[in-house]
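Annotated features in TrEMBL:
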REPEAT    9-43  repeat 'PPR'
REPEAT    44-78  repeat 'PPR'
REPEAT    79-113  repeat 'PPR'
REPEAT    114-148  repeat 'PPR'
REPEAT    149-183  repeat 'PPR'
REPEAT    184-218  repeat 'PPR'
REPEAT    219-253  repeat 'PPR'
REPEAT    254-288  repeat 'PPR'
REPEAT    289-323  repeat 'PPR'
REPEAT    324-358  repeat 'PPR'
REPEAT    359-393  repeat 'PPR'
REPEAT    394-428  repeat 'PPR'
Amino acid sequence: MPDMRVIPDEISYNAAISACEKGGEWQMALGLLSSMPDMRMTPNKISYSAAISACEKGGQWQMALSLLSTMPEIRVMPDQISYSAAISACEKGGRWELALSLLSSMPCMMVIPDGLNYNAAISACGKASQWQMALGLLSSMHDKRVIPNEISYNAAISACEKAGQWQLALGLLCSMPDMRVLQNKISYNAAISACEKGGQWQMALGLLSSMPDMMVIPNEISCNAAISACEKGGQWQLALNLLSSMPDMILIPDEISCSAAISACEKGGQWQLAMCLLSSMPDIKMTPSKIAYSAAISACEKGGEWQIALSLLSSMPDMRLIPNEVSYNAAISACEKGGQWQLALDLLSSMPDMRMTPNKISYNAAISACEKGGQWQLALEMLSIMPDISMIPNDISYNSAISACEKGGQWEMALCLLSRMSEMRVLPNEISYNAAIGACERKEASGSWRGVV
């Protein structure tokens, strides 16, 4: 058969660019776009829109904006699709101001914004916690005769959720049926998460239970948000009930579900249950996360089980988990509560070797461990180190150090620390004064405690 030479045309190139966009190959999409003039083909708005969308999916917001600005120069006028892709690129890049600027500039280019453009802009504001802007855009859609859909409302509810505006999130959710907009899982999940962040566990559970009545089937995200809401509200029993009820809803608990339930047990002082959950995760083919381990260590700390806390910390590498500051801080606090000041200091000193920078919580726990162990000199040493590493001691740091001096009979040093707090603009509280007075009373320094009062 004779060779069949097929010369690609604009349609072929547009299809290829679009294929690259769907495959996440933004560099290849740009390469095809730039090669079109060499093939005596003029890119059209479809070519550019597909390339901009490829940049958006690849997180290349600068390149997306560059392509959009190039279009008028070669007499290719952007349309709603071009702008939508560019606004979405700004959203993914966290550039909400640019997203709004693009939306507002559309009429100047004789392009009327549509629902897709508004939705992308609302989402951009939401991800940047600009909930007022997001609500303003949603409200302005009616004025511009653009009908909001479930995506518009979901983006606005998510914006309120991220900003902790649970009342507004609920208001938007409840208003959707009146606006003839169908509520879906995303709407409910965002609203439940908003209640979780706002400490409204009752509301979160109410929303979860109402989903089937609205013909919306809860998913793992719905339950996880509700479990987290119970965790934050100190409702460990309800958190465990939700976790155990997930299979009845044909839902499979995941690492997030179990981690939230372990955290709930930790806050409720149920270290045995926390350990039970953690140990059961591998049995159901679930790898415990760093969050799950940290919560379990913290649960053991609250339960005074410092040996188990240290055992958990040391076992994390075996599970291919790298401990973080939260894990170490919980373990240091466990040693502090267990009167193991040497181990607490060992953990603190080992953190840099693990490529971790101790923070204020780490040092405060170590100072408190020294105080409980009667090591006032070491407590003062820890306190003095903090400013050297650009860490400002707070009232907890000073109170532990003053208490250490009290236990060590160092009333002059206790008074000195109390005086230094004011100099460092750290406001002394009842604990500070009581520890200083106690130090003076221990030495029967009657003249000293009168000065404190």
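Quick reminder: no glycine exception, Cβ is built from N, Cα and C everywhere.
Model, not experiment: these values are computed from the prediction.
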Model confidence for the repeat 'PPR' (219-253), as mean pLDDT, reads 96
Same-chain residues near the repeat 'PPR' (79-113), Cβ under 8 Å, at least 6 residues beyond its ends = 45, 48-49, 52-53, 55-56, 59-62, 64-65, 67-68, 71-72, 120-121, 123-125, 127-128, 130, 133, 137, 144, 146
Go through the chain and flag residues at least 6 beyond the ends of the repeat 'PPR' (394-428) whose CB is under 8 A from any CB in it; none is fine as an answer.
-> 360, 363-364, 367-368, 370-371, 374-377, 379-380, 382-383, 386, 435-436, 438-440, 442-443, 445, 448, 451-452
Remote residues contacting the repeat 'PPR' (289-323) - C-beta distance under 8 A, at least 6 residues beyond either end = 255, 258-259, 262-263, 265-266, 269-272, 274-275, 277-278, 281, 330-331, 333-335, 337-338, 340, 343, 354, 356
For the repeat 'PPR' (44-78), could you work out the same-chain residues 6 or more beyond its ends whose Cβ comes under 8 Å from its Cβ atoms?
-> 10, 13-14, 17-18, 20-21, 24-27, 29-30, 32-33, 36, 85-86, 88-90, 92-93, 95, 98, 102, 109-111
